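Taking it in order: structure first as structure tokens, then the write-up.
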């Protein structure tokens, strides 16, 4: 299944070559390149200057707290709800030292990636990636409820490292995985089960999913699915039926659908995009050069862009995500951002790839929190995405990100309603 929520246990980052200088426009002779909208922005990667080899380790940046802070900064009325989210997190979060002590013989500081990580890739993870095993009464209760309704979650199937955070606290939520727990594809980064002919989907799944989600009392939910190349429409109608049922039970809930590519069937994409969902998410996963190495051969970079373009044409918010740590370069990350922006993507997330098992792709390197913060600012300020979430533990479906998107969407709709009411007030009857 194609999802950053399916990032597993392996390290990642950008290239360790020399700092990136402003780049020229992408290869002009690339005949299949997406048409650009506006000039191609470029910026140098941040350079960390050190006076000696004994450099301080970059402090951990808490992605959850940062995203909540940004939401309150944009809309101060969210302050009370923000406190509730942060209390929720503090009850379940494992204490992790904000500084990682370098080990003897660790690599020297990199001008691109900041200070030494203290460990080579595929050895001990840096401190900012260490988390306590999920536990707690709320966690266990949610797990039992999902089992009782025979619902699969990407949180478990993809071994998401944030499960202890999202399944705990006052606003516990999970990302439901539709169409079963077995994928017809075999991406080399993903831990979800695979089979050529999975069991048929449960016909009661749309109702069971909507019932469970409606009972949680959350205002924003993410639905995702495995790839089902064995189904004529790739599962688009099953997905759409779940959205329609959920909207009937909870009309005010905002629904994000993190989808497969439906084999490139754009009619299936449009069918789901028009089902009543609010955010259409489909992940590019990695840069163009690494697609064949990382994703199943039936997926593709240009196919992903076509899916996102078709969804955007239906008038919904669109979102995509990329994993770092697979051997990509800074130039390639920038090119990917530009391609996504060119097809209208509103929301972009970046997270650390974590290798789920020894049989999956190895991690090339761990990316520092400092570098992730650079990409967040670059994506919003230089590329122009509406919203960027970037951090080692950030995943496409992430509770803190949902909080920010909820506030952004509600704010947009409130402004649209006010504009309509203002226009109606200016119309005088004859």
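Any Cβ shown, glycine's included, is placed from N, Cα and C.
Pulled from Swiss-Prot, these are the features on record:
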BINDING   155, 160, 166, 397  [4Fe-4S] cluster 1 binding site
BINDING   183, 187, 190  [4Fe-4S] cluster 2 binding site
COMPBIAS  1-16  compositional bias 'Polar residues'
COMPBIAS  91-119  compositional bias 'Low complexity'
DOMAIN    166-386  domain 'Radical SAM core'
REGION    1-55  region 'Disordered'
REGION    85-119  region 'Disordered'
TRANSIT   1-40  transit peptide
Item checked: Most crowded position, judged by CB atoms within 10 A, among 183, 187, 190 as binding-site residues -> 190
Next item on the list: With H, G and I counted as helix, E and B as strand and the rest as coil, say where DSSP puts residue 183 ([4Fe-4S] cluster 2 binding site).
Entry: strand
Item checked: Secondary structure at residue 190 ([4Fe-4S] cluster 2 binding site), reduced by DSSP to three states -> coil
Note to self: Mean pLDDT across the domain 'Radical SAM core' (166-386), rounded to an integer, is what?
What the structure shows: 91
